[in-house]
Amino acid sequence: MHELPQQLANGLALGALYGLIAIGYTMVYGIVQLINFAHGEIFMIGGFGALTAYTALPTGTSLLIAIPVMIVGGALASVAVATAAERFAYRPLRSAPRLAPLITAIGLSIALQQLVWQFYPDAKKAVSFPEFKGEAFKITDSLSIQRADLFVLILAPLCMLALGIFVQKSRSGRAMQATAQDPDTAKLMGINTDRIIVMAFAIGAAFAAVAAVAYGLDKGQINFEMGFILGLKAFTAAVLGGIGNIYGAMVGGVVLGLAEALSIAYIEDIPGMSQLGGGAWSNVWAFVLLIVVLLVRPQGLLGERVADRA
Amino acid sequence: MTALLEVKDLKVAYGKIEAVKGISFEVNEGEIVCLVGTNGAGKTTTLRTLSGLLKPVGGTVTFDGKPLAQVPAHKIVSLGLAHSPEGRHIFPRLTIAENLQLGAFLRTDKEGIEKDVERAYEMFPILGERRKQAAGTLSGGEQQMLAMGRALMSRPKLLMLDEPSMGLSPLMMQKIMATIAELKATGTTILLVEQNAQAALSLADQAHVMEIGKIVLSGSGQELLHNEDVRKAYLGED
């Protein structure tokens with residue numbers, strides 16, 4: 001039960017999930033300095049969009065065909081809601097004091113939960129999601145990886161790689177970096193910063209939809225509240241890695257996921273701490289880790305000290 | 001002949017506080033026009049309004065025959081108006097080469113852009129030596145060179161330079177001023193805001209002295225350079 005490789009694999013899969021969601025927090029923060037607390041709900045909406053797409057498929061469709069359809073359906077839903085939120089909730093508050101959009105985000109988060117609860121068929125309790133069934137992949141006697149975990153372990157690095165190339169190499173990516181570093185000057189270069197901001201929200205939402213599909217395939221169900229704690233964890237991951245830094249989001253996610261998995265497995269073995277281990281305490285240890293990192297390295301693991309503005 | 005830039009009764013306000021209280025001036029092709037004045041006179045506000053970062057509350061701006069008032073900031077540069085902002089505002093975490101490339105963001109002629117990047121390196125050799133370096137690591141003077149080079153990358157009809165000598169060593173200041181003189185010699189039209197009035201006025205064809213949001217004195221650079229009030233107020237003579 002406590003074999004280290006297995007715990008590391010579990011932690012990595014959990015961390016990849018956190019990282020995918022954390023991208024959304026970090027990209028939006030990097031460009032408009034807004035903590036989009038509704039991002040957890042964008043993730044949740046991605047899950048329901050994916051489920052809707054799945055329901056529209058003929059019964060008996062193989063999961064290998066269904067999964068891409070679900071990702072597209074989920075991303076369409078989450079991107080639509082995220083960009084609408086940007087346009088109608090956040091953009092009018094762009095020059096308001098920081099607190100105003102933050103409160104808006106919290107309100108939006110509650111509103112989105114309630115809308116799904118009220119209007120999505122049977123969503124007042126957990127609804128079942130196609131589960132990625134089948135044998136786990138046995139790598140050694142003591143290490144096997146669930147299919148759903150494998151899905152996120154493959155997709156998360158691919159998404160990350162694609163995003164890295166986009167930001168570093170493409171014209172829009174360069175414009176995104178410029179907007180993050182100095183929005184007014186970016187405008188002077190001819191960059192339509194409003195479009196770049198929408199793009200940041202959209203990319204974050206699409207990544208959250210991928211995460212939601214991974215989450216649903218793993219748990220076999222989704223619910224209207226699932227964005228709350230996962231959003232909080234992913235936000236923690238983004239801060240842990242250094243908010244504003246896209247690689248930091250992934251690193252923070254992985255560190256957080258590993259810490260959780262290891263705390264579940266090993267804390268109770270420490271003499272005198274047998275009461276503080278197991279799954280019930282994993283959230284506590286996750287946030288303890290956050291506090292420690294913030295004390296020792298407030299800018300996060302990969303964050304930069306902001307001192308380079310003239 | 002009509003002017004390249006025509007500013008008429010321009011008014012700009014921050015909330016209820018009027019920072020520019022109705023100024024008018026023109027910039028003709030090939031000229032250097034200089035705005036001098038103390039801090040808070042409204043010079044930077046004027047430039048930021050011309051490039052669309054601030055919206056005027058009154059007056060008109062005509063550039064190259066087109067009204068500018070309703071044009072959003074990101075479309076101004078495509079009309080041929082480039083702005084090197086006060087405080088340089090280079091993109092610190094991008095390289096020098098990337099900063100220059102961004103200056104040509106809306107251009108699509110790859111070869112022409114490459115050529116202009118090389119030209120910027122010729123104009124400022126230090127930038128060429130450090131092209132792969134993050135711009136935030138440059139000294140103040142080097143950052144100023146980069147900001148000017150970046151603004152030129154759009155091949156502007158009018159280059160606006162806001163306080164290019166601010167915070168620079170006397171030697172670096174001389175170098176920047178010499179570059180502006182060179183640009184003028186090649187026919188670049190420049191709207192220059194400077195606190196270093198001596199250097200700026202000796203370069204300027206036309207100059208305007210601003211005080212608390214108004215133009216209080218106008219004339220050729222030489223006229224103002226020898227004007228007694230100007231000498232007292234800005235050139236440190238008793």
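Note that the numbers count up from 1, one per residue, in the order the chain is shown.
A Cβ is built for glycine as well, from the same backbone N, Cα and C atoms used for every other residue.
Any TrEMBL annotation is an automated prediction that lacks curation.
Keep in mind the model is a prediction, meaning the values are calculated, not measured.
What TrEMBL lists as transmembrane segment is A:12-32 (among others).
The transmembrane segment annotation in TrEMBL covers A:39-57 (among others). Long-range neighbours of the transmembrane segment (A:39-57) within the same chain, counting only residues 6 or more positions beyond its ends whose Cβ lies under 8 Å from a Cβ of the stretch, are 21, 24-25, 28, 65-66, 69-78, 81-82, 85, 108-109, 112-113, 116, 120, 123, 127, 129-130, 204-205, 208-213, 215-216, 222, 224-232, 234-235.
With a cut-off of 8 Å between Cβ atoms, the residues of this chain six or more beyond the transmembrane segment (A:63-85) that come close are 24, 36, 38-39, 41-43, 45-54, 56-57, 108, 112, 130, 132, 151, 198, 201-202, 204-206, 208-210, 212-213, 217. Marked as transmembrane segment by TrEMBL: A:63-85 (among others).
Sequence annotations record features per position, and here TrEMBL assigns transmembrane segment to A:97-120 (among others). Note on the transmembrane segment (A:97-120): residues 33-38, 40-42, 44-45, 48, 81, 85, 89-90, 127, 224-225, 227-228, 231 of its chain, located 6 or more positions outside it, place their CB under 8 angstroms from a CB of the stretch.
Within the chain, the transmembrane segment (A:150-167) has long-range Cβ neighbours (under 8 A, six or more residues past its boundaries) at 12-13, 16-17, 19-20, 23, 67, 132, 137, 173, 176-177, 203, 207, 210-211, 214, 217-218, 246-247, 250. What TrEMBL records for A:150-167 (among others) is transmembrane segment.
Residues or ranges marked as transmembrane segment in TrEMBL: A:196-216 (among others).
Under the heading transmembrane segment, TrEMBL lists A:247-267 (among others). Within its own chain, the transmembrane segment (A:247-267) is flanked in space by residues 1-2, 7-8, 10-23, 25-26, 156, 160, 164, 233-234, 236-241, 273, 276-279, 281-283, 285-286, 289-290, 300-303, which lie at least six positions past its ends and keep a Cβ under 8 Å from the stretch.
The annotation transmembrane segment is assigned in TrEMBL to A:279-296 (among others).
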